[in-house]
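Chemist: Summarising the annotation, Swiss-Prot assigns transmembrane segment to 9-29, 61-81, 89-109, 114-134, 143-163, 179-199, 233-253, 267-287, 294-314.
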Amino acid sequence: MMIKNKKKLLFLCLLVILIATAYISFVTGTIKLSFNDLFTKFTTGSNEAVDSIIDLRLPRILIALMVGAMLAVSGALLQAALQNPLAEANIIGVSSGALIMRALCMLFIPQLYFYLPLLSFIGGLIPFLIIIVLHSKFRFNAVSMILVGVALFVLLNGVLEILTQNPLMKIPQGLTMKIWSDVYILAVSALLGLILTLLLSLKLNLLNLDDVQARSIGFNIDRYRWLTGLLAVFLASATVAIVGQLAFLGIIVPHVVRKLVGGNYRVLIPFSTVIGAWLLLVADLLGRVIQPPLEIPANAILMIVGGPMLIYLICQSQRNRI
């Protein structure tokens, strides 16, 4: 009981930190806001500075929160589905496949912009299925599976590089220049994906069982691995549709959360949601304040943090002979 209470208290503290960070992000930038500006806006309904920030900065903050949460949860789900602690959508090529589909859709069927998350999901599904088929045939260990994923990532990024030589297929990536329609599109996918994940989290711990144990209790482990993998691909692909590729969030956050609260997915999923949202928001905030008026992409900061962590996890997996 005491451990449960500690986890609840920690979760509430993280929520407070997340809200505080969102507020700091909202008032910080080339246009700075004071508390008086906000007070004037909410009492009189009129403040030009606040109005401009609501249109320019608030969509960016909301998208950062949703994308961070979705990528963190996607990473946790992929690791459960593939039984691989190194799995992450960007590393195994899912994000690249989704980005190629996004580019093709924007060129040939731009009128379907509001369906980009679903169309990107189709693109992200292809490399995931390739990984599954190859793994079922060759039974890769954790590191070998990641190497195959990296090969797919390189291949698909090469295809993407060729496609984007066409000026009509240039893809804006990152959190800049986001508008409210982007928020609405992503919010639908975020709500759907995260609600389904919370429902599925009741069964995720059983994915650690082997096939014999699962069958002995009547649990269809293959079906749930597929459902978990598909949901992970959907969450990651939906973020790609709006912000492009963001590296390593899906591998950093689940491992940090496991260190904090253990591997129970009923606890891991909510914590990953909050910490993932906070981490991307912090990366975006740092990118805006380190060298103003220039902006460092949040993805660059994530890569600086995530690269060493991936090396550490690979070394650890080799040591444990995963």
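Including glycine, each Cβ sits where the backbone N, Cα and C put it.
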Chemist: Could you check whether the transmembrane segment (294-314) and the transmembrane segment (233-253) come into contact, where contact means at least 3 Cβ pairs under 8 Å with the two residues of each pair 6 or more apart in sequence?
Modeler: yes
Chemist: Can you work out which residues elsewhere in the same chain, 6+ from the ends of the transmembrane segment (179-199), have a Cβ less than 8 Å from its Cβ atoms?
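Modeler: Apart from its flanks, the transmembrane segment (179-199) reaches 55, 59, 62-63, 66-67, 69-70, 73, 77, 113-114, 116-117, 231, 234-235, 238-239, 241-242, 269-270, 273.
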Chemist: Report the listed stretch (89-109, 114-134, 143-163, 233-253, 267-287) having the maximum count of Cβ pairs within less than 8 Å of the transmembrane segment (9-29).
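Modeler: The stretch I would name here is 267-287.
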Chemist: Out of 143-163, 233-253, 267-287, which stretch touches the transmembrane segment (114-134) the most, going by CB pairs under 8 Å?
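Modeler: It is 233-253 that shares the most Cβ pairs under 8 Å with the transmembrane segment (114-134).
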